[in-house]
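Here's the structure we're looking at; comments come further down.
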Amino acid sequence: MPSQTVAGNFDLGFKVRDDGGTAGCNAQDLSLAPHYLTFKVPMAHLGDFVWEDKNANGVQDAGEAGIANVVVQLKDTAGNVVATTTTDASGGYHFDVNPGTYSVTVVAPAGYVPTVANQGGDTAKDSNIDAAGKMASVTLAPGQTNLSLDAGLYRAAELGDRVWFDANKNGLQDAGEAGVAGVKVTLLDASGNAVGSPLVTDANGNYLFTNLKPGAYSVQFDKTSLPAGYAFTGQDQGGDEQRDSDASAIDGKTAQVLLASGDSNHSLDAGIVALPASLGDRVWHDANLNGVQDAGEAGIGGVTVQLKNAAGSVIGSTVTDATGYYNFSVDAGTYSIAVVAPPGYLSTVKDVGGNDALDSDINAAGQSALVTVAAGQNYKDLDAGLYKTAAIGDRVWFDANGNGTQDAGEAGMSGVKVNLFDASGTVVASATTDASGNYLFSNLMPGNYFLGFVPPAGYTFTKPDVGGYATDSDVDPATGLTTSWIALKSGDVQLEWDAGLVKRAPVTGSIGNRVWEDSNYNGVQDAGELGVAGVKVNLLNASNQVIGTTTTNASGEYLFDKLIAGGYKVEVVRPSGFYYTKANVGNDASDSDVDTSTGRSGLINLAAGQNDMSWDAGIYRKASLGDKVWRDADHDGVQDVNEAGIANIKVQLYSGSGVLLATTYTNATGNYLFSNLDPGSYSLKFDKSNVMHAGYAMNSWKWGAKNVGSNDNIDSDVNSNGTYANVVSTDVLKLASGQNDMSWDAAITPIVIDLNGDGVHTIARADFHGSFDLLGTGSAIQSGWVSADDGLLAIDNNGNGKIDNISELFGGNEKGTGFAKLSSYDSNGDGVVDAKDDKFAQLRIWRDANSNGVTDDGELMSLHDAGVASLTVSYTELPFLDANDNLHLERSSATLVNGKSVDMTDVYFNVDSKDAAKAGITLPSMADLLRDDHALDKALGQGAAGATVAAPVSQAVDAQAQCEMAEVLRRAMAHTTAQPQEMVV
């Protein structure tokens, strides 16, 4: 076969001859020994260039040199290295290879990284290696040459330098100028976008961005991270990029710089300088001397203001402009100012009102306090208020014709004292009028004043304000004071404050007030008590001579007027059937002031012009009490026609406190009467012992039923309920002036503990000025109440820190309820409630210290805090109706933490039965509570056989007290065996 000189693909064919002429292959045919064919195939070539891509744009630009000694590996399709070479001095490399498929890997030298691949569309100039240095595979035919496999490499760049304090403000880094730490620096790309994370300057003010790809960059120094009061110094001062400041004063940005491969640019610096500071503000005319710049108060121009350093040395001076403003440009530091007040001006009060922008900051000498001004600060609060002194004055004259105007020829009055008062009413100066009646107060500070004129004896002031300020009188005749405030402004001279005098007329006064019917005979005008019309009242002089007479009007009021100063008395002539009430038992505005025998007041020393309306007189009518004891033949509890009275029944009248006052007997018709009684509380006791009626002994008759029907005039009123006892009593009733009315009381109970060891004390229903939901209806009522020194046993069920109603107290409307509730707290059954019991800690004491029926702060406390250690569950019924009409019934004891035993009593507080009825609550009456079997025996300490034993009566402090207590307790009803007849009263 001929040799081939042209590269390409060829077909080879062979012809075989059958030399033996026989079929098949045999020895006669060709020799079976191998025959070799030799082919020469041309070599292929690849390679090119490894260069430093200075601008990292992936293209071989003019001037970008090759990199010598770079290792280049040739790899087959399996990735095996089949050849290695290094670039020559110009960066070139070359592989001669058999035709086939290959790839090239460039091993970047230390510090180099591959540039971007396949840029620009020109394979002869771009870079073909990826980030790992590997090129794509290429297939080479025999003799083919591929010299386009280039590799661009670049080195990382860095950019930075320093932020410094430009102390001399020349825009250049000078020796000794310190760096600034903590300034934020952001790297920006060619488009102005942030690259990576910002840096913060170190302690020396240095920063450096490293590992940067070649390209265009700038940096931005963050103005907000500069020290307070600092800004950037001048940009690009001088011609030395290594020393100047490159930051824009506006936004802190530098110009862009181009970083080539491997560049290290340390030229982007920023100098900062302290901003200029200032201090100053305004000097103004403080017209009203209040130390505050008010609307309309003008500035004062041309005032000298000195600037002083911290040592007090004057380092500058200026003058205020036409509007009073001044300003000093200063470096950061400590300063003060001094204001040189113009002639006639003084410094106003300083630091008034709490607003530095409006107050005055200089003292009386014109000096301010030291102030410290920071870099860049504009301190505009150093103000100075100045004022001028003022004057008040004019004339006091005799107003001969009394017309209130200074007429021609009306002379001034000398020697009249004039006082000047400040706004607080304090006399700040006094003057005396001269021979012409003139006076003057000068050198006054602006402010509000008034004048007080002291008229000479026998003179008073003329009518005020009848004309112009210059000629009229400006004084109130009643007070001698000017009729309006005198408002002095800075520099005011007000010479128009005059006072006219006239001869004084006698000054008269009056005496009077009220005569009222004292319905309850307590000596005090209570709500609803009416005045008495037509009562004669005499006015007496000090010698008891009648010098005037009047009568009370429809409201009971009287008046004596036009009285000159002197001594007087009033004498109230009581109408027929009236008596004088108790005198001087309260305050003068509400009590009675006349003697109970004469109706005369004490001596009234009436001052000139005094109107004394405090002389009252209470009068009352006597009351009567009585009716009839009769035979209730039909046993219906009502006086029927022809039911006869019973004579000779003993009737005794008792005071409200149980003292026997009088005794009488029913007459032949059964009637009895106690008359000429003072209004007050009473009870009656009826005794039928040994009385005969129609041949029957009354001892065997029983008393009729109480309060049958709705007519009190014909029912029976004794606490009897059919008892055969000879002696029975009524409830206590109250008689008003001229009346014979009953007041029936009911009762409801809580347990009360004697906290101070002096016994349980209560407050009368009428004297309890608070209210409490004692009925448990949600509405508070007035009732008898516990004294402020004792406490109510309580349980705060809802935990609100208050006692809301009767359910949170220990009591109710039935006997024994309180102690039954208490016994439920004796968990260990030892008869004592103490710390050993489960719920002891839940118990509370309510000490109503202000007696208002409301649980106020500090009034509700634990038993321990109240000093109570234990409570005895058992009790004894020992009824006692105290002077306040509250019934002490079930009695026990409590032990204090000091070991002392004190009373614990279930007290039945007096409640108006109308309140209970309105609420739909049934309560026992006081009589019902006292009427229990043997209640009297228990109260008196006597057994059924009458044997005397220890009892509360015997424990009374003295004989009189024993007597009173016994009489009260005898209201309980005695019992005998049933008898066939009954009588009623």
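Each Cβ is built from the backbone N, Cα and C atoms, and glycine gets one as well.
Per TrEMBL, the feature domain 'SD-repeat containing protein B' maps to 44-153 (among others). For the domain 'SD-repeat containing protein B' (44-153), the model's average pLDDT works out to 95.
The domain 'SD-repeat containing protein B' annotation in TrEMBL covers 157-272 (among others). Taking DSSP states H, G and I as helix and E and B as strand, the domain 'SD-repeat containing protein B' (157-272) has 3 helix, 46 strand, 67 coil.
The annotation domain 'SD-repeat containing protein B' is assigned in TrEMBL to 277-386 (among others). Counted with DSSP, the domain 'SD-repeat containing protein B' (277-386) comes out as 0 helix, 51 strand, 59 coil.
Sequence annotations record features per position, and here TrEMBL assigns domain 'SD-repeat containing protein B' to 390-501 (among others).
Annotation source TrEMBL lists domain 'SD-repeat containing protein B' at 510-619 (among others).
Sorting the domain 'SD-repeat containing protein B' (623-747) by DSSP state (H, G, I as helix; E, B as strand; all else coil) yields 3 helix, 56 strand, 66 coil. Taken from TrEMBL, the feature domain 'SD-repeat containing protein B' applies to 623-747 (among others).
Counting residue by residue with DSSP, the domain 'SD-repeat containing protein B' (510-619) contains 0 helix, 50 strand, 60 coil.
Secondary structure of the domain 'SD-repeat containing protein B' (390-501) per DSSP (helix as H, G, I; strand as E, B; remaining residues coil): 0 helix, 53 strand, 59 coil.
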